[in-house]
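What follows is one structure encoded as structure tokens, with my remarks underneath.
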Amino acid sequence: MQDLTERLKREAAEVGFAACRVCRPGDVPQVMERLENFLARGYHGQMGWMAERVQWRGAPQVLWPEARSVVMLAENYGPDEDPLAVLEARDRAAISVYAQNRDYHDVVKKKLKRLARWLIAEGGGARHGKAVDPDTLGTPQVKVFVDTAPVPEKPLAQAAGLGWQGKHTNLVSRELGSWLFLGCIFTTLELAVDGAERDHCGSCRACLDICPTEAFPAPYQLDVRRCISYLTIEHKGPVDEALRPRLGNRIYGCDDCLAVCPWNKFARRAEEVKYHARDDLRAPPLAELAGLDDAAFRARFSGSPIKRIGRDRLVRNVCYAIGNSGSAALRPVVQALCEDADPAVRDAARWAVSRLAN
């Protein structure tokens, strides 16, 4: 299968992936213990789904016993400017780089399916010239995943040699930096495997030290209950008052630990234009976002991953950012939201008003 694997990697590059490597489903024996410790400490916060199907999430060979190989793929979404610069513009919103244009789930999955069709055909699955749907069982069989199933993608990526999990728990590549989306293809084919990547973090603590909320209890450990990405995207209801000032103007996600990584000296701007930042999402005015009703929110964020959290959670986050802005000019904006229909928005707006009054 060496020849097929090499041709697969060339095809992956043609499809648009920055890197392609292969491992076995059972090449991540450490995952189960780490996952159990993570859950036991409550580090998953409100994400109860992480405690479901642990036998799959912690042992990918159990997810699909027939699979013999995992094709791990990386797509670069590097920004064209320093994402930390917007943090100084306190009257504007900081949106995570990955969310400034199209939802990567849709973009990556489309490419995964295209590559899976190629693999089925080249691996002997296509018959009589008929197209084969990668979502159905053929010979060989494939399944594609992109952050939507109980698959430990980052450990598998390290096992396949795409990079290593840094002290911030995200994947880092010596060739590409850390602005990477991951996707994978499980297949019944016995492809040639690549060696695992070793850790190259050394004594560096940049990602740990920059975290505004001290979300890393130790290197390689993340407590999402303190992580700004979790708090602004996944967390329902009011955010702990002690953490609100640390959010700054970050209203969707946080890139601090990624942006400061020295390996990003090798990062480059995303080639996929669907990841290039939309002008209206680079650093939109907080006052503008605070005024969105549900219809305006859905129209503005159509096709964006931001749409998933809904208007109420976004406006809640905007209120926190306004409260952290120090701008008295924005006080009327949040005063108008003190009687909002959503209780979390009301709470955030009243908090912001009190902050700006002091």
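A Cβ is built for glycine as well, from the same backbone N, Cα and C atoms used for every other residue.
A TrEMBL annotation is a machine prediction, not a hand-curated record.
Reduced to three states, the DSSP call for Leu171 (cob(II)alamin binding site) is strand. Among the features that TrEMBL reports, cob(II)alamin binding site is placed at Arg57, Asp147, Leu171, Leu182, Ser229, Cys254, Asp255.
Annotated active site, proton donor per TrEMBL: Asp147, in sequence order. Packing around Asp147 (cob(II)alamin binding site) is summarised by its Cβ count: 14 other Cβ atoms lie within 10 angstroms of its Cβ, all protein chains included.
Annotation source TrEMBL lists domain '4Fe-4S ferredoxin-type' at 189-221. Beyond the ends of the domain '4Fe-4S ferredoxin-type' (189-221), by six or more residues, the same chain brings 1-2, 4-6, 8, 21-24, 27, 38, 43, 68-69, 71, 119, 123, 140, 158-169, 172, 174, 227-228, 231, 243, 246-248, 254, 256-258, 260-263 to within a C-beta distance below 8 angstroms of the stretch.
Under the three-state DSSP scheme, Cys204 ([4Fe-4S] cluster 1 binding site) falls in the coil class. Note: Cys204 ([4Fe-4S] cluster 1 binding site) has non-local neighbours Lys167, Pro262, i.e. same-chain residues 6+ apart with C-beta under 8 A of its own C-beta. Taken from TrEMBL, the feature [4Fe-4S] cluster 1 binding site applies to Cys201, Cys204, Cys207, Cys261.
Positions annotated as [4Fe-4S] cluster 2 binding site by TrEMBL: Cys211, Cys227, Cys254, Cys257. Within the same chain, the residues at least 6 positions away from Cys254 (cob(II)alamin binding site) whose Cβ sits under 8 Å from its Cβ are Ala94, Ser96, Pro212, Cys227, Ile228, Ser229, Thr232, listed in sequence order.
Residues or ranges marked as tRNA binding site by TrEMBL: Lys236. DSSP assigns Lys236 (tRNA binding site) to coil in the three-state reduction, outside any helix or strand.
Following the DSSP three-state reduction, the secondary structure of Leu182 (cob(II)alamin binding site) is strand.
Between the listed binding-site residues, namely Leu182, Cys207, Cys211, Cys227, the fewest other CB atoms within 10 angstroms of a CB are found at Cys211. Under a cutoff of 8 A between CB atoms, and with a sequence separation of 6+ in the same chain, the neighbours of Arg57 (cob(II)alamin binding site) are Val31, Leu35, Met50, Pro150, Val151, Pro152. Around Lys236 (tRNA binding site), the C-beta neighbours below 8 angstroms that are at least 6 residues distant in the chain are Gln46, Arg313, Ala344.
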